[in-house]
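Read through the structure below, which is laid out as structure tokens, and then see the notes.
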Amino acid sequence: MLRTKDLIWTLFFLGTAVSLQVDIVPSQGEISVGESKFFLCQVAGDAKDKDISWFSPNGEKLSPNQQRISVVWNDDDSSTLTIYNANIDDAGIYKCVVTAEDGTQSEATVNVKIFQKLMFKNAPTPQEFKEGEDAVIVCDVVSSLPPTIIWKHKGRDVILKKDVRFIVLSNNYLQIRGIKKTDEGTYRCEGRILARGEINFKDIQVIVNVPPTVQARQSIVNATANLGQSVTLVCDADGFPEPTMSWTKDGEPIENEEEDDEKHIFSDDSSELTIRNVDKNDEAEYVCIAENKAGEQDASIHLKVFAKPKITYVENQTAMELEEQVTLTCEASGDPIPSITWRTSTRNISSEEKTLDGHMVVRSHARVSSLTLKSIQYTDAGEYICTASNTIGQDSQSMYLEFQYAPKLQGPVAVYTWEGNQVNITCEVFAYPSATISWFRDGQLLPSSNYSNIKIYNTPSASYLEVTPDSENDFGNYNCTAVNRIGQESLEFILVQADTPSSPSIDRVEPYSSTAQVQFDEPEATGGVPILKYKAEWKSLGEESWHFKWYDAKEANMEGIVTIMGLKPETRYSVRLAALNGKGLGEISAATEFKTQPVREPSAPKLEGQMGEDGNSIKVNLIKQDDGGSPIRHYLVKYRALASEWKPEIRLPSGSDHVMLKSLDWNAEYEVYVVAENQQGKSKAAHFVFRTSAQPTAIPANGSPTAGLSTGAIVGILIVIFVLLLVVMDITCYFLNKCGLLMCIAVNLCGKAGPGAKGKDMEEGKAAFSKDESKEPIVEVRTEEERTPNHDGGKHTEPNETTPLTEPELPADTTATVEDMLPSVTTVTTNSDTITETFATAQNSPTSETTTLTSSIAPPATTVPDSNSVPAGQATPSKGVTASSSSPASAPKVAPLVDLSDTPTSAPSASNLSSTVLANQGAVLSPSTPASAGETSKAPPASKASPAPTPTPAGAASPLAAVAAPATDAPQAKQEAPSTKGPDPEPTQPGTVKNPPEAATAPASPKSKAATTNPSQGEDLKMDEGNFKTPDIDLAKDVFAALGSPRPATGASGQASELAPSPADSAVPPAPAKTEKGPVETKSEPPESEAKPAPTEVKTVPNDATQTKENESKA
């Protein structure tokens, strides 16, 4: 058992040592076509000098170092077989043979399998197709085993779409029948080999090209030549890819690359072709061609170029008398072919015209027309106009037919006139060449010495023989003879003695109440000269004289009626007619009797309409007819559009001659009825029908400027007008009442004083006024409101409605009246010594706005009364006023100041000015020249101050209203103003009022210093463009200094005494007397008494004062 085992191992080792073992790694080989792979042949054994060889499947030994199938001997025990880029033919069993040194061989084999991997041999992308064709998408798949092909689109199997248009062909191509643009996209060709689980795919982009479509916007385009026009031809093309455009003209390409081609201009995409300066040569058929990959298409546009007609040929012609015919020719060009017409200066000749005798024949063919005149007459000569017309326009040319003929004479053969009446015998001459004209009488050439009353006037077309018959011998035959080189012609004229016309015949008379219409026939014989007028005579039965009236013959002959007016109703009349010509009044007709109708209703007026220029208004004229013997009271007019309601009736005065109907409906028919009415009743209605114009589409040139404004524009205009009215009102309030927005701005921004400040000054009895920022006088107004009971125990009489507002002016030359009449104006009137100034009163004054300032300036005088003064006892009190004596206890009432700030002050005259106190005026103010303001004046010292005045009650009349205070015992003082110097010294009366004897014997007082022109004692404040003085200013001093008047004396208390009233109205005009002075209230005067100039008081005459007390008068 043991020996057997050992024997086996011994045999094994012996066998191994003798034979070699060959192995190939890898033992199996699969290669895809195109891939490379190597195999290693290894030998195991101790044999030396072995030979390793490789054999191909066909048994051929593979030589080493080949390029595609390479064999490399690595060492004694191994060798490598490498197959590069294997193909199907390389498949098979490869054998590795090892040969030992003793010749024994050992081998090993490897089965090399080569398979075709899934490959897309023919599957291009993109693949393009034409829309509508059957598209086949190519996809060739190469594989060792037959693959399964699946087509997908948008991730889905196209077969599963159940679209019969999609078919997979036997060669695995995909067919799409009638491919659409919507089928465009990416298609996936996917191949699968189930045995190997191999899969591969290829995405193919499918593009569907759409053949171009092109359409001309206009197949026919019209243009007009030679007008500098441009025309654009447009083609709209569509397709995919976007087609390119090209153009041809009558088959010839129009190049788009010529930069210097100013005739043709292309758009960026060449879809538009613009032809500039179109002329006739541009007329052609233009083709636009659209082309892309899918094909091409074209469209045609026919450019039709029209041309205005143009006359290309005309020729003047000359013809002789007795020639048979002449032809005028006219040629014209144009497109469309123009039609040619003929006309002369007086008539149109139709293209088909042919007179009965064949005198004119018109023939036309294409562009040529001819006018043939047969049996030519001299009247055929002249201008012939050839006109060529088509739808584009027209052209005309003139040609002239010159006809040479003997003279032809025309004119009225019988000419009527009378002795002493100048008349012209007219001999009209038609001749070519021009003829020489001569006049003969009884074979004698005119003019001649035997016929001094004959004159001849020649014109190119006629000769006039002016004859003024002196006797019967001048009447008879006159011969006119014309001669030219063709021949001559003569014509006899007869100058006939004219006669008066025969009588017209009255057919019938149509009487009415106050008129009658006489219908007549014209005279049978006019006497050879025209009838100028008709004379109608009529009278009532029993009257001896005839009434008559002349009627123009032209108007009367139109209707054969004359109307007699102004007749009496129900009265019998006789009427007769006569005609008047240049010779004289003709026979009068037989009288015809008629009787007027009784008083009745009037006849309907005659209506005539005249449409307005706007088209929807009418002026209906009313022509008065018979009034029925009673004056017409009025006319009643009513109108309406047909089938509409009547408009409200219109009543017109009897004197109306028309009625205007406006704002009528457009294009509507209206009817108008007019009835005349007198005391007897209404007439029949006169009826008038008219139609308005159609509403215009455009605004007429003479239409209303706002007719075409929109609602917004009208509202805007109204707003602007409203704002302007507010501005005007504000400015008015500023200047009149010192209020409003403008005043607020002036107060807050410009520092002006407001109306409240001015009112405060008014309450204090002060006022300031200024103009152009200059200092002006401040006027203090004094009024006397109450009369003291000791003035003769009388009371002031209340004026009634019969009391005059102003007293009669005294005839003295020294009266100056100043009245304020709005608007603010300063008027200085110098009449002898009279000065009148007008100021604007304060806006806040409760009185009216009229102030009368009367000043009296007394000349230097002694204490002796003026010899011309009238004693107080002679003065007669004015009506309604009780004379009373002044009392020292009574004091004038200080009224609020008059604001004259808005009134420009004009300087009075430099001449001597003097004034006297008006009758029944309590005080006077004496204005003077500004130059005298700086002068000083002296006056006697004043007496003691009077008691303080009593304040005015709230319910009293306006404090500016002057109270008439006449006095019968106070003489007036006369005062004279110097011309160039300041006021001279003058006498003054004591402060207390004295009776007339005392006033006459009062001694003169020492003189005092007058006020200067700058009396301001306080700070100047700007107000209303002037200087406002502080309340501590001596107002009276300022006023009199500015006016150049002496200042009145004041008492110790600074209050002026009462002034002596002026004399009342008297039968004898009073002479100027000395004026008694009263103290003037001031705040800055010292207590001691000073001599002051004569006082001046202001009388305000209000326009409308409120009467509250018995002692207050109406202004």
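Cβ from N, Cα, C; glycine included.
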Review point. Which candidate in SER56, SER503, SER946 appears in Swiss-Prot with the annotation phosphoserine?
Key: SER946
Revision key, fill the gap. Among the candidates CYS288, CYS386, the one bonded to CYS330 through a disulphide according to Swiss-Prot is CYS386
Practice item. May I ask you to name which of SER70, SER369, SER396, SER890 Swiss-Prot has annotated as phosphoserine? Key: SER890
Revision key, fill the gap. Among CYS189, CYS288, Swiss-Prot lists the disulphide partner of CYS235 as CYS288
Review point. Between THR929, THR952, which does Swiss-Prot record as phosphothreonine?
Key: THR929
Check your understanding: Which residues of the same chain, at least 6 positions away in sequence, have a Cβ lying under 8 Å from the Cβ of ASN424 (N-linked glycosylation site)?
Key -> VAL415, TYR464, LEU465, GLU466, VAL467
Check your understanding: Expressed to the nearest Å, what is the distance separating ASN348 (N-linked glycosylation site) and ASN316 (N-linked glycosylation site) at their Cα atoms?
Key -> 19
Revision key, fill the gap. Among ASN316, ASN450, ASN479, i.e. the glycosylation sites, the one with its Cα nearest that of ASN222 (N-linked glycosylation site) is ASN316
Check your understanding: Taking the glycosylation sites one at a time (ASN450, ASN479), which has its Cβ surrounded by the most other Cβ atoms within 10 Å?
Key -> ASN479
Check your understanding: Cα-Cα separation of ASN450 (N-linked glycosylation site) and ASN479 (N-linked glycosylation site), in Å?
Key -> 16
Practice item. Have a look around ASN222 (N-linked glycosylation site) and count the other CB atoms within 10 A of its CB, chains all included. Key: 13
Point to revise | Within the predicted model, mean pLDDT of the domain 'Ig-like C2-type 4' (309-402) | key: 86
Exercise for review: Count the other Cβ atoms sitting within 10 Å of the Cβ of ASN348 (N-linked glycosylation site), across every protein chain shown.
Suggested key: 11
Review point. In the domain 'Ig-like C2-type 5' (407-492), how many residues does DSSP call helix, how many strand, and how many coil?
Key: 3 helix, 51 strand, 32 coil
Check your understanding: Between ASN316 (N-linked glycosylation site) and ASN479 (N-linked glycosylation site), how far is it from one CA atom to the other, in Å?
Key -> 36
